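Contents: one structure, followed by commentary.
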Amino acid sequence: MSTPANATVPSASTGLLLPAVFVPLWSSGFVLARLVAPHAEPLTFLAVRFFLAFLALAAIALWKGAAWPRAAREWRQALLAGVLIHGLYLGGVFWSVANGLPTAISALMAGMQPLLVTLLAGRVLGERMSRRGAIGIAVGALGTLVTLAPKLGATDAGGIPLVPLLVCLAGVLAITTGSILVKRTKITADPLTNTAVQYIGALVPTAVLVPFVGGPGFDTAAVPLWIGLAWSVFGMSLGAILLLLHMIRRGALSKVSSLFFLVPGVSALMAWIGFGESLTIVQIAGLCIATLGVSLASRG
């Protein structure tokens, strides 16, 4: 895949280090959704998370003297990106997991994002994909399916409920649209302040929808909930999101999105470590296949 003229080509070491940090960070989000589900209503949890993340980023931005968006257009674009990338995407994932969608299936939905980006980025952004890049996307998709195949037929998961599945898919469509919006947007503000504004936008759908999903719920006595909240704010909302936006701006969107093919396999590994879910030989093989696909797509 060719790199757009306005993209910065990262060094080889940076190009390897950033994905190696990003993939585990992003993958932990699916395990986090399962960890906090018994202790908090998912949209309430996310509203608290977004509010705390906004405060943290705003404090850092003020300390650094970072520039905030100036034009009304930049505010509108940042708020809309927040609604799509954070509010609707994470809201869809957390709500669907809390309402019976297996963690592996939610990760599979996220693994579909590169396919959606590939279909849209060419027309919207003018990014062209080479033959090797297309093969890498196909291999990555195959690896994702192989990794999740043992979980798709698991009877102890209680099946795959239709409504949560559709809600999760809607969230994936939202982050796909948001990623393309970020790539198309010319931003003069500091990434810290721009992301802080995005979290204001993310608060809108989560706060508005809380009354329609049973009202707020937050077990303040649950230690796992506080651990999950701390990690979600500093590890996910600050670390993973800032890293994702940075990588989107430095390289072709299709290449960055191909990293999502690794998420299901890594999430399965984390679920095995954290919750004792078995990782079969088939899943390990699928993870290796997905890794190969990402490598091909990234070098395409």
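The first residue you see is number 1, and the count goes up from there.
Glycine too: its Cβ is placed from the backbone N, Cα and C atoms.
The domain 'EamA' (15-148) scores a mean pLDDT of 85 in the predicted structure. The domain 'EamA' feature in TrEMBL is assigned to 15-148 (among others).
Taken from TrEMBL, the feature transmembrane segment covers 43-66 (among others).
Remote same-chain partners of the transmembrane segment (78-98), defined as residues 6 or more beyond its termini with a Cβ less than 8 Å from a stretch Cβ, comprise 29-30, 33-34, 36-37, 41-43, 45-46, 50, 69, 106, 109-110, 164-165, 167-172, 174-175, 177-179, 181-182, 185, 187, 189, 194, 197-206, 209, 213, 237, 241. Residues or ranges marked as transmembrane segment in TrEMBL: 78-98 (among others).
Feature annotation from TrEMBL assigns transmembrane segment to 104-126 (among others).
Taken from TrEMBL, the feature transmembrane segment covers 133-150 (among others).
If you look up TrEMBL, you'll see 162-182 (among others) marked as transmembrane segment. Same-chain residues lying 6 or more positions outside the transmembrane segment (162-182) and placing a CB less than 8 Å from one of its CB atoms are 77, 80-81, 83-85, 88-93, 95-97, 99-101, 105-106, 109-110, 112-113, 116-117, 120-121, 124-125, 245, 248-249, 253, 256-257.
Feature annotation from TrEMBL assigns domain 'EamA' to 165-298 (among others).
Sequence-distant contacts of the transmembrane segment (194-213) (same chain, six or more residues past either end, CB-CB distance under 8 Å): 41-44, 46-47, 50-51, 53-54, 57-58, 61, 68-69, 74-75, 78-83, 85-88, 90-91, 95, 187, 237, 241-242, 245. According to TrEMBL, the transmembrane segment annotation covers 194-213 (among others).
Counting residues 6+ beyond its ends, the transmembrane segment (225-245) has Cβ neighbours under 8 Å at 18, 21-22, 25-26, 28-29, 32, 35-36, 39-40, 45, 48-50, 52-53, 56-57, 85-86, 182, 191-192, 194-195, 199, 218-219, 256 in the same chain. Sequence annotations record features per position, and here TrEMBL assigns transmembrane segment to 225-245 (among others).
Beyond its flanks by at least six residues, the transmembrane segment (257-275) meets 19, 22-24, 26-28, 30-31, 34-35, 103-104, 107-108, 110-111, 113-114, 117-118, 121, 136-137, 140-141, 143-144, 147-148, 151, 179, 247, 283, 286-287, 290-291, 293-294, 297-298 of its own chain at Cβ-Cβ distances under 8 Å. If you look up TrEMBL, you'll see 257-275 (among others) marked as transmembrane segment.
Under the heading transmembrane segment, TrEMBL lists 281-298 (among others).
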